[in-house]
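Below is one structure, written out as structure tokens, with a few remarks after it.
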């Protein structure tokens, strides 16, 4: 092999190696930004990883929204998929369309049995339900009337008190 061919071969090899490294880095970066969706039943069964960012979706349980008396930005509520209920804590301003008996998708991490949300997204009109929530409820044949706070599983303790304790 002469020097010119060797030089071209080396150039091609370095180019391919660089492209392969770039592809691996892009795939890794995309994987790090992926938030997996879990419904309330999957979270209650322990399928959601602890201390890893995930998305949790469901309907806000009526009567579960509680604000701390001395911290108006601290909110606790529960989400349900009509089979299980998961307590959620959130520190921040809730969207204007956030309401009980409406669909939400929250991004955050599991800490024990509580979902600590860093972001809460609410539905944008009365007929909208987040696609992940609608699919989950359809799979469980649970689309229908939204349960009140008395109808969701009372065996699952959501809150110890009606107000947050400091």
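Glycine is no exception: its Cβ is also placed from the backbone N, Cα and C atoms.
Per Swiss-Prot, these features apply:
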TOPO_DOM  1-8  topological domain 'Cytoplasmic'
TRANSMEM  9-29  transmembrane segment
TOPO_DOM  30-166  topological domain 'Periplasmic'
BINDING   124, 128  heme binding site
REGION    138-166  region 'Disordered'
COMPBIAS  156-166  compositional bias 'Basic and acidic residues'
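Here the topological domain 'Cytoplasmic' (1-8) has no long-range neighbours, meaning no same-chain residue at least 6 beyond its ends has a C-beta under 8 angstroms from one of its own. Residue counts for the topological domain 'Cytoplasmic' (1-8) under DSSP (helix as H, G, I; strand as E, B; rest coil) come to 6 helix, 0 strand, 2 coil. Mean predicted confidence for the topological domain 'Periplasmic' (30-166): the pLDDT average there is 77.
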